[in-house]
Amino acid sequence: MSKRSPPPQPAHIPMAEQRWRPPYPYASSAAGGGGVDRRSRSGFCAATRTFHSLRSVGPLPPEELPLTVAAYAFSLLSSAPPLVVAGRGPALVDAATGIAVSYPAFVARVRFLAGGLWCSLGLRPGDVALVVSPSCLDVAVLYFALMSIGVVVSPANPASTADEYAHQVRLSRPAIAFVAPEVAARLPRHVSRVVIGSEVFDRLASASAAGGWAAPPAVAMKQPSTAALLYSSGTTGRVKAVAITHRNLIAQISAYNAIRETVAREAATDAGKGKPPPPSPSPPAAVTLFPLPLFHVMGFGLLTRTISSGETAVVMRRFDLAAAARAVERYRVTKLSAAPPVVVALTKSDEARRRDLSSLVAIVVGGAPLGREVSQRFATVFPSVQIVQSYGLTESTGPVATMAGPEESAAYGSVGRLAPRVQAKIVDTATGEVLGPGRRGELWIRGPVVMKGYVGDPEATAATITPDGWLKTGDLCYFNEDGYLYVVDRLKELIKYKGYQVPPAELEHILQSRPEIADAAVVPYPDEEAGQLPMAFVVRQPGAYLTEQQVMNCVAKHVAPYKKVRRVAFVNAIPKSPAGKILRRELVLQAMASTSRL
């Protein structure tokens, strides 16, 4: 399975010498907050028409310092809770089996596996490794091992089809793929692969541990170098490979830790005033349950942040509500990271009520906004659990707005305030006017978390990121006078099904390729549990016979399960603008009107 001949023995640098230690003071002016009236709770600067984060910032290493996100994360463990330092606090736990990996063991496994990747497979900085597997402990170790030697991690959904993998391979051009056994046959034949959990995979780490291979040399990666290629759907109907840098991930870790410290400081201040402290989402023994897949930006980013903070990640292979409730009870989970459908399900679950969930103090919600009504219903059922809404994109490496502390968590309907070092604008899409608090427009963001760009697609990159670094989110939003961000609607046409992005154009292309179908359009249909369902409006060819089930089946065999069409309506024509653009809003209103008549 050797990719290249083993390299000559390198000159070794002890791993400890790579570690970044945070002695660097952070200049507050670098946050871009100049001109902001600090008495303004919105963070809006009238002179620049820009919203600035008013949160405290943590140390961030100089951008010119060579540093991988793995080395940065491990460097922070020296300040981790005492249980971690003593080797008793697990880094990872398998939710199903209870197998736990301590922090010393995790760091050792990463280094041993990195040695096998370097010496046996000949992987080098800049190579791309496709990783296709359900979430598991091996995948978490593999991510860090790859990034520690400068190899670009490219996680993909194990539920994707052969056609979808072929497209992703064309984008990322992987040197090798690490795959789950059930996925291997769906990859293009020319891609070299190692099956995760196989004897070959296990030998990569075990041979290093036995001294068979030397440790890899210290890799002097520039922080703006690509660390990961994450896949994001575009409205064109084809996924794009989003280039996330080491700097992006390091900045997210820094922001996460700064917010944790702020919450802890405010709780200590309240305690000094005699106020009863609220439960902390990040106590010394913080344990986070990962029902979201590690290939998703939420799971991928949260893993790096959890490890760097010395917290425990409880990994689920796939989400199941009953299993999640059991895991919370068994492992005393303090924090649950989830998409809105999970919140809805918890409020209705008898299983959740039967379990002891008293350890849970926060549920971190992302992927789509959580409605005020659902938030209030959840608070009624679980009054001691904070809802921590966050907002972000794959293109922003995860959250650019979030909630911190009980006061912010009570702002139902909002997705929180800007994260440290993030700037934002609200832009009128019709006039280009930059708007102030209370005005609705497209959200633009800027900061060290913004992606490098779309791989192999300079036109899409230029259309998404302005020359001065502003990322156009495609979401209709506004800030209120207190700096809370509200997501009103999606300017992008993506359908958000259980936190996944479903591009309607991709489904329309499949439908329109059928000879029995004259025209078709796919729109989001509101659903309390899933968020949105893909609904197809279909125009049959004259004389053609086609049932709703046949329409759903013809799409299902070409796409991953989360992209399936869930509702179908037959119509005489698809409403379009003079330019031929589908008028999706008319179809959504038509769907809602027909439902209300039932």
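Just so you know, glycine gets a Cβ as well, placed from its N, Cα and C.
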Which of Gly367, Gly371, Gly405 belongs with Gln389, Thr394, Lys492, Lys496 in the (E)-4-coumaroyl-AMP site listed by Swiss-Prot: Gly367
Number of Cβ atoms other than its own within 10 Å, given for Gly499 (CoA binding site): 22
Residues close to CoA site centre defined by Arg318, Lys498, Gly499, Cβ within 8 Å: Pro291, Leu292, Pro293, Phe319, Ala339, Pro341, Tyr500, Tyr562
Least Cβ-crowded entry, counting other Cβ within 10 Å, from the binding-site residues listed as Arg318, Thr394, Asp475, Lys496: Arg318
Gly499 (CoA binding site): secondary structure state under DSSP, collapsed to three categories: coil
Set of same-chain residues at least 6 away whose C-beta sits under 8 angstroms from Ser232 (ATP binding site): Val239, Lys240, Val242, Val297, Leu393, Thr394, Glu395, Gln501
Spatial neighbours of Asp475 (ATP binding site) among the binding-site residues Arg318, Gly367, Lys492, Lys496, Lys498, Gly499 [C-alpha, 10 Å]: Lys492
Spatially closest candidate among Arg318, Lys498, Gly499, the listed binding-site residues, to Gly367 ((E)-4-coumaroyl-AMP binding site) (Cα to Cα): Gly499
Listed binding-site residues (Gly367, Lys492, Lys498), ranked by Cβ neighbours within 10 Å, top entry: Gly367
